[in-house]
Amino acid sequence: MASQNQLSYIKGKKVLMVGAGGIGCELLKTLALSGFQDIHIIDMDTIEVSNLNRQFLFRKSHVGQSKAKVARDAVLKFRPHISITPYHANVKDPDFNVDFFKQFNVVLNGLDNLDARRHVNRLCLAAEVPLVESGTTGFLGQVTVHVKGRTECYECQPKPAPKTYPVCTITSTPSKFVHCIVWAKDLLFTKLFGDKNQENDLNVRSTDATSSSEHVEDVFERRKDEDIEQYGRRIYDHVFGYNIEEALSNEETWKNRNRPKPIYSRDFLHDEIAQQNGNVDKDCAAGDPSSVSAMASLGMKNPQDIWCLKENSRIFMEAFKLFFMKREKDIGNLTFDKDDQLAVEFVTAAANIRASSFGIPLHSLFEAKGIAGNIVHAVATTNAIIAGLIVIEAIKVLQNDTNNYRMTYCLEHPTRKMLLMPVEPFEANKSCYVCSESPLTLEINTHRAKLRDFVEKIVKAKLGMYFPLIMYGAALLYEVGDDLDEAMVANYAANLEKVLSELPSPVTSGTTVTVEDLKQELTCNINIKHREEFDEEKEPDGMLLSGWTQASSVEKDDNKSNGNGGSTSNASQALPVEAEDNVEMDVPSGKKRRLSEISDQDLLGVTDETKNHEKLEVVDDDDDLMMLDGDPGLNKRKRMQ
């Protein structure tokens, strides 16, 4: 419960929570018990069984129901006299516009994706409502405060792009288990069970190279009169045997690499095993499709066991057959879902077989699911700590206690006996295109790239504008909206298929394009620079957006120590403690110390922590940790004055 003085600020204040998951459950409970009386919650998700181990407001009987509504009902049982308004909806829906946000005194985020975070940040800026942002990944967590005109916004520091891998590595030369997972999930699973008309990089090896016919057979197509067992073995032999032999024929590739080993079904799937599997299939044929499991069919129970190659081969074939026997109507429309048991089993087995071929250590289903589903398993205690810190910062915001705002980072291992590391907020980045409206520069081949490429790859994917209006001077090139007449829609659709230099108002090198999102009330100017060629591996989009950079370094006083920036350089993407000379941080004794006064040994725990985090190529599925970019020792930012 807040103090009497704090209660006077809390009373009558209207709070918006976005997200009712791992952090959201803890946050709603803490807000209610702290004295907040008017709380609104937005969450589009429904409750899943996997939520129940940490989202304590939910019970098994609630599975399938709205998180926001069930969370409200649960809290009202012990705080019946407060007002909680739930919205089972997407925060990006048109109803949640700037005017909607203006009614709140503070917005508290407990989201699980970058797009939604960016959207809320922009609405808060437009509505001039303070935002308290948060996230957790395992034992790591953070809470940051963003107040327009006082601190940097959520987007002042570019966030790390999702981890991607070169296609040639995935298809030809995997060296890590995650490469095998990506191959199994995004290529093989999609090719077999997803959209048959969608091209993917397995197509290049999906035909018999010995055939001279122009109309060669696609091996992924099931032949007439071919039973499921034969079909599955043929796919197995093609992707794990024939394709590997084809790859080995290129001697140059393997000069400095370990040569992979072709694997064929005859070596691990004998006739008696196939017959046994078929019998088990029939025994399981009457179950609920959502509970179909290859492991259950084969009597394998522990998801933390690491299967041998023979077991992986049996799981592969069993899962393959169960898809056709139990879920045939879904084939052609399936996409990988981490909560789909059969899909996870198939992908785990396929990834392990490929890993075995390339000499990569095998993983358990539990581990493979974490990688395939981009999961760092959530820790309820971290969520509770972060929720408490959110409420503390929210109360400071409502009191307008700007001098005591803190960005706080929760660590896994103590640093100077601290598990919570608070630092003062920083000023807005003057090069931020969101809150400072600085122009960006786009290098693009204006004679080849279409307006559609610009819209999809830059405006939507990079800038996060989903209802854009694009102008060059006074000419309107593209617009999205429900109020457009048919002629306008047809005109803009035609523009999408034109290259930039051939638009009605040609976009060429030296021109400036203005992009607006009226729902976010955000405007961005982009300077166009023509460029002929791009590196396909490093710049796969065929364009390069720049100008959105880290805040420039603050000039140092020559009399001051250089601090410990170097000691935390490995922490650039994991622990965003900006080691500026005059940044102070609170230590448990209550004494404030400059970061420059803390020794390398003191920060060793921070460095170790961040090294571990750098190895993570996945984020929590529930409330992921979005750490700030940049080397704390090199990219220094001004403290909030």
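Cβ atoms here come from the backbone N, Cα and C positions, even for glycine.
Listed in TrEMBL:
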- 6-432: domain 'THIF-type NAD/FAD binding fold' (DOMAIN)
- 19-24, Asp43, 51-54, Lys67, 112-117: ATP binding site (BINDING)
- Cys153, Cys156, Cys432, Cys435: Zn(2+) binding site (BINDING)
- Cys168: active site, glycyl thioester intermediate (ACT_SITE)
- 329-369: domain 'Ubiquitin-activating enzyme SCCH' (DOMAIN)
- 442-534: domain 'Ubiquitin/SUMO-activating enzyme ubiquitin-like' (DOMAIN)
- 552-641: region 'Disordered' (REGION)
- 608-618: compositional bias 'Basic and acidic residues' (COMPBIAS)
Rounded inter-Cα distance in Å - Asp115 (ATP binding site), Cys168 (active site, glycyl thioester intermediate): 28
Cβ contacts under 8 Å made by the domain 'Ubiquitin-activating enzyme SCCH' (329-369) with residues that lie 6+ beyond its boundaries: 48, 50, 174-177, 179-181, 183-186, 188-190, 192-196, 239-240, 244, 258, 260-263, 291-295, 303-309, 312-313, 315-316, 319-320, 322-323, 375, 621
Cα within 10 Å of Cys153 (Zn(2+) binding site) - qualifying recorded positions among Gly22, Asp43, Asn53, Asp112, Cys168: none
By Cα-Cα distance, the member of recorded positions Gly19, Gly22, Asp43, Asp112, Cys168 nearest Cys432 (Zn(2+) binding site): Asp112
Rounded Cα-Cα span from Cys156 (Zn(2+) binding site) to Asp112 (ATP binding site), Å: 19
The domain 'Ubiquitin/SUMO-activating enzyme ubiquitin-like' (442-534): DSSP-derived helix, strand, coil residue counts: 24 helix, 30 strand, 39 coil
Cα proximity to Cys435 (Zn(2+) binding site), best match among recorded positions Gly19, Gly22, Cys168: Gly19
8 Å Cβ shell about Cys153, Cys156, Cys432, Cys435 centroid, Zn(2+) site members excluded: Leu125, Glu152, Tyr154, Glu155, Ala428, Asn429, Val434, Ser436
Count of other CB atoms lying within 10 Å of the CB belonging to Cys156 (Zn(2+) binding site): 25
Tally of DSSP helical, extended and coil residues in the domain 'Ubiquitin-activating enzyme SCCH' (329-369): 24 helix, 0 strand, 17 coil
Sequence-distant neighbours of Cys168 (active site, glycyl thioester intermediate) in its chain (C-beta under 8 A, six or more apart): Glu537
Arithmetic mean of per-residue pLDDT over the domain 'THIF-type NAD/FAD binding fold' (6-432): 87
Cα-to-Cα gap, Gly22 (ATP binding site) vs Cys156 (Zn(2+) binding site), nearest whole Å: 26
